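Since the structure comes first, as structure tokens, the remarks are kept for the end.
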Amino acid sequence: MRIFILGRTKYQEAWALMKRIHDEVASGVSEEMILVTEHDHVITVGRHGRLNNVLRRELPIYVVERGGDATYHGPGQAVVYPVVRLRGGVRSYLWALEEAVIRTLDKYGISAGRREDHRGVWVGGKKIASVGIAVERGVAYHGVAVYVNPHMEYFYHINPCGLPPSVITSMRQLGVEADVFEVGYAVAANLETLLQRQERLKTRCESLRRIP
């Protein structure tokens, strides 16, 4: 598994690259990869989302394959797109994505966690990272966005994941200054470690099932 830092990208370019890599991984002609990027201003809406959660239509809008509802991406967000085979179920993979963010934030002195009623990573009642994936042919893509130091006013263009815009926070709002790509790389590295552990556990369980 390799980690690539793409730098700042337009959403449609990263989306096309991610889908191409997905097809190659699913076909067995490419290794798994984790892409780290930061997008120009854009709004995406997941496959089960509602366009009426986009409150203002001034930014480019893309309806995409991932789960979830309306999300804003832009400068100041560390966006991590793993293109990886599922080691277990979707729920265990989503747990690993969230856990990679939680462990990263802990290194910056931020105590974060989960909520049972909403996906993502939370600090108190505020959302600091959004998660949304798609799975096709056993390979996951799309991923997670961590709010490092984004332009907070743009979240008022949407109801983020169907929630009020005021629910969003960032590392900067919590008093932590950090580099977007350093945060993104740390999330990717933590995720790689977690997925390797899931792979070892899966292999061990399969070996036990083969014992007569």
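Think of each number as a place in line: the chain as shown, counted from 1.
In case you wondered, yes, glycine gets a Cβ from its N, Cα and C as well.
Taken from Swiss-Prot, the feature domain 'BPL/LPL catalytic' applies to 28-199. Swiss-Prot lists Arg66, Gly67, Gly68, Asp69, Ala70, Thr71, Tyr72, His73, Ser130, Val131, Gly132, Gly143, Val144, Ala145 with the feature substrate binding site, giving sequence analysis as the kind of evidence. Positions annotated as site 'Lowers pKa of active site Cys' by Swiss-Prot, on the basis of sequence analysis: Lys127. Sequence annotations record features per position, and here Swiss-Prot assigns active site, acyl-thioester intermediate to Cys161 based on sequence analysis.
The average pLDDT the prediction assigns to the domain 'BPL/LPL catalytic' (28-199) is 94. Using a 10 Å Cβ-Cβ cutoff, the residue listed as 'active site, acyl-thioester intermediate' registers 22 neighbours. Reported as a whole number, the C-alpha separation between Gly132 (substrate binding site) and the residue listed as 'active site, acyl-thioester intermediate' equals 10 Å. Less than 8 angstroms from the CB of Ser130 (substrate binding site) sit Gly68, Thr71, Arg119, Gly120, Val144, Ala145, Pro160, Cys161, each of them six or more residues away in the same chain.
Rounded to a whole value, the Cα-Cα separation of Tyr72 (substrate binding site) and Lys127 (site 'Lowers pKa of active site Cys') is 13 Å. For Ala70 (substrate binding site), the same-chain residues 6+ apart in sequence whose C-beta sits under 8 angstroms from its C-beta are Ile43, Thr44, Val45, Gly46, Gly49, Arg50, Leu51, Asn53, Val54, Ile158, Asn159, Pro160, Cys161, Gly162. The Cβ of Lys127 (site 'Lowers pKa of active site Cys') lies under 8 Å from the Cβ of His118, Gly120, Val121, Tyr147, Pro160, Cys161, Leu163, Val167, Ile168, Thr169, each of which sits 6+ residues away along the same chain. Sequence-distant neighbours of Arg66 (substrate binding site): residues of the same chain at least 6 apart with a C-beta under 8 Å from its C-beta are Thr44, Gly46, Arg47, Gly132, Ile133, Ala134, His142. Look at Arg66 (substrate binding site): DSSP puts it in coil. For the substrate site listed in the record, the two most distant Cα atoms among Arg66, Gly67, Gly68, Asp69, Ala70, Thr71, Tyr72, His73, Ser130, Val131, Gly132, Gly143, Val144, Ala145 lie 15 Å apart.
Under DSSP, Cys161 (active site, acyl-thioester intermediate) is assigned to a helix (H, G or I) in the three-state scheme. The secondary structure of Lys127 (site 'Lowers pKa of active site Cys'), as reduced to three states from DSSP, is extended strand.
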